[in-house]
Amino acid sequence: MAIYKQITAEQVEALCSGFYAGVDEVGRGPLVGDVVTAAVVLDPNNPIEGLNDSKKLSEKKRDALYEEILAKALDVSVGRCSPLEIDELNILHATMLAMQRAVAGLRARPDRVLIDGNRVPDFTDETLEGHAVIKGDGLIPAISAASIVAKVVRDREMEALDERYPEYGFAKHKGYPTKAHFEALEAHGVLAEHRKSFRPVKERLEAC
């Protein structure tokens with residue numbers, strides 16, 4: 001796993017040429033559920049307007065862009081790591097593994113992979129060119145698209161989990177460590193879907 005410093009605007013422009021994939025993750029901070037990553041290859045001949053960091057978009061806008069990405073992108077792949085894998089590996093290494101899985105799931109090998117953040121996972125294909133771009137989800141459209149796909153996929157999984165366990169409020173807080181989530185943990189206990197290595201969950205288990 002390599003660590004990279006911020007690249008320049010000129011470098012960003014150069015990287016966004018040719019057949020490349022953008023990669024981003026969602027769900028490192030929550031106490032429950034998978035960490036989800038996405039890899040997206042956009043079609044330069046079929047642009048998508050309004051792409052941005054998923055956190056800066058409304059849910060309605062994200063959902064609309066998600067459908068447009070699936071319809072227009074050349075390739076979309078989702079990778080994930082389960083709570084069990086997160087507990088075994090730690091969240092950083094689980095995120096890197098999920099990114100590896102997303103890239104491996106692409107139908108065609110890209111010329112390079114551009115990843116939001118300052119780390120690049122060790123790809124199985126050692127010849128694959130990888131670049132970390134700090135705040136890339138707001139700079140590079142393919143990374144923005146990946147952030148939107150990962151966010152919508154994970155949010156919908158939290159909504160499905162909320163249907164199974166409405167007392168935890170997952171549809172509202174999406175599994176993040178909010179006051180409501182802490183209160184639900186205290187009142188109802190730890191679920192199989194919780195990340196047992198995360199401190200609030202671990203402390204609740206130890207208190208039993």
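Using the three backbone atoms N, Cα and C, a Cβ is placed for every residue, glycine included.
Keep in mind that this is a model prediction, so the values were computed, not measured.
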Task: Select one of Asp111, Asp116, Asp122, Asp125: the residue that Swiss-Prot places in the divalent metal cation site alongside Asp24, Glu25.
output: Asp116
Query: By the DSSP assignment reduced to helix, strand and coil, which category contains Asp24 (divalent metal cation binding site)?
result: strand
- prompt: Looking at Cβ-Cβ distances, which residues of the chain lie under 8 angstroms from Glu25 (divalent metal cation binding site) while being 6 or more apart from it?
  reply: Val35, Val36, Thr37, Thr95, Ala98, Met99, Asp116, Ala150
